[in-house]
Every structure is written in C-alpha cells, then in structure tokens.
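S.K.: Pasting in a structure now, in structure tokens, and then I'll have a few things to ask.
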Amino acid sequence: MSLVPEHGNVYVLNQTNQLKGLFTIIRDKTKPRSEFIFYANRIIRLIVEEGLNHLPVSSAKVTTAQNAEYEGVMFDGRICGVSIMRAGESMEQGLRECCRSVRIGKILIQRDEETHKPVLHYIKLPEDISKRYVLLLDPMLATGGSAICAMEILINMGCKQEQIIFLNVIASPEGLKNVHDRFPNIRIVTAVIDEGLDNNGYIVPGLGDFGDIYFGTKA
C-alpha cells in the first residue's frame, strides 16, 4: 500500500505481480463473465481488507487456549457500507465476507450520458449513519461526479469527512483530483490508477462498464 502525495488521502494497493495478473484477466474483453466475476471479487477483497486497515483501533488483551495473554487490538466504533448503485453492489459481498452482519446502505446515482452529470434517483441509509465509519463502495472512479454526489449526501446526513473511506477498483487521475479538491479529508483506497479519461468521460485503458459485465447486462 502506498500513499499518493499529489492526490492527498489516496492509498493505492502495492502493484504486485499477483495484482497485475488479476487485472490482466478482468481487463481482457475476451474472457467469460464467470472469470471476470471471480477475479474481480479477489481484487475487491484486497481493497476491502486494506480499507479496514484505516479504521481506528484500541489495544486489547485476550487469553489464549494456552492460558497465555495476547496483546492485540480491537476496532473502535461501528461501521457500515454504502454502495453507489448499481456497480457498487458488486463490492458488497467482499465487505460482508470481512465484516459479518455489516449494515449496507444504497445510493442510486446515474450519469447523464449527454452532460456526464450525476443524477440522484434513490437513497436508503442507516438512520445512525452519522455515528458510523462509512465504507463507500464504487468500483470505478471516472470523473468523480457520482462519488462527490454520494459524499455530499453523507456529509449532509452528519458524517464527517474523516469517517468516510471510499473504496474502488480503478481510479482516474482526474477523478481523484476532483474528489480531493472537494473533500480533501476523505480517504480513498484504490487498486490502481489508470492513465486518464477519453472524450466520453470513460476510464482508459479501463475495462468497460464494470456493473454491466459483473451483473450480466453487457450488450
């Protein structure tokens, strides 16, 4: 995991051969959907695990089966996930595999294909979300419009920037800059930063529409 100074609170997974191999598979348009899902889930799990590393902890002692004391840590506070629908829902299982019985809220924000502006359609969040650490889920960070819209909603509901950790699979430099300029204290954990955006606002080299491929609605 490395911090990206030029983008503020941005943390990128170590670019190991394993991670590069996983991305080679999910970026390959000739691969079947089943392989995309399997290997995308592996990347998502890595991102979630790293996101959890950014939660506050306090020291804790337990007694082992050998009647020996072990000094460890326990997480402070409660968490919840918030997926930016629909693609963000692909990351929910990875979060549930790491955090049993975690509460997950949903925000539906769709991008206008002509203006590329985000439009809010649906929201359902835990009533006590302002008292929780929020893992915001969306696999692709392109322009950052949808992410910023979701973050504004969370802030308006009483969440502090420091409580929000944004998890995504692929980010663009433009999206990272836009999010950081608007919310400099929100941490972002991503698996990789791609080259940039094309004229249509899509990430390149990217992998296409993550949600369409994952949920089987690719044309």
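Here the Cβ of each residue, glycine as well, is placed from N, Cα and C on the backbone.
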S.K.: Can you tell which of ARG103, ARG182, ARG187 Swiss-Prot lists as binding GTP with ARG33, ARG42, ASP76, GLY77, ARG78, ILE79, ARG132?
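M.R.: So the GTP site in Swiss-Prot includes ARG33, ARG42, ASP76, GLY77, ARG78, ILE79, ARG132 plus, from the candidates ARG103, ARG182, ARG187, ARG103.
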S.K.: Express the distance between the Cα positions of PHE210 (uracil binding site) and MET140 (5-phospho-alpha-D-ribose 1-diphosphate binding site) as a whole number of Å.
M.R.: 7
S.K.: Just to verify a number: CA distance, GLY144 (5-phospho-alpha-D-ribose 1-diphosphate binding site) to ARG103 (GTP binding site), in angstrom, no decimals.
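M.R.: GLY144 (5-phospho-alpha-D-ribose 1-diphosphate binding site) and ARG103 (GTP binding site) have their Cα atoms 24 Å apart.
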S.K.: Tell me whether GLY77 (GTP binding site) sits in a helix, a strand or coil according to DSSP.
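M.R.: The residue in question, GLY77 (GTP binding site), is coil (DSSP, three-state).
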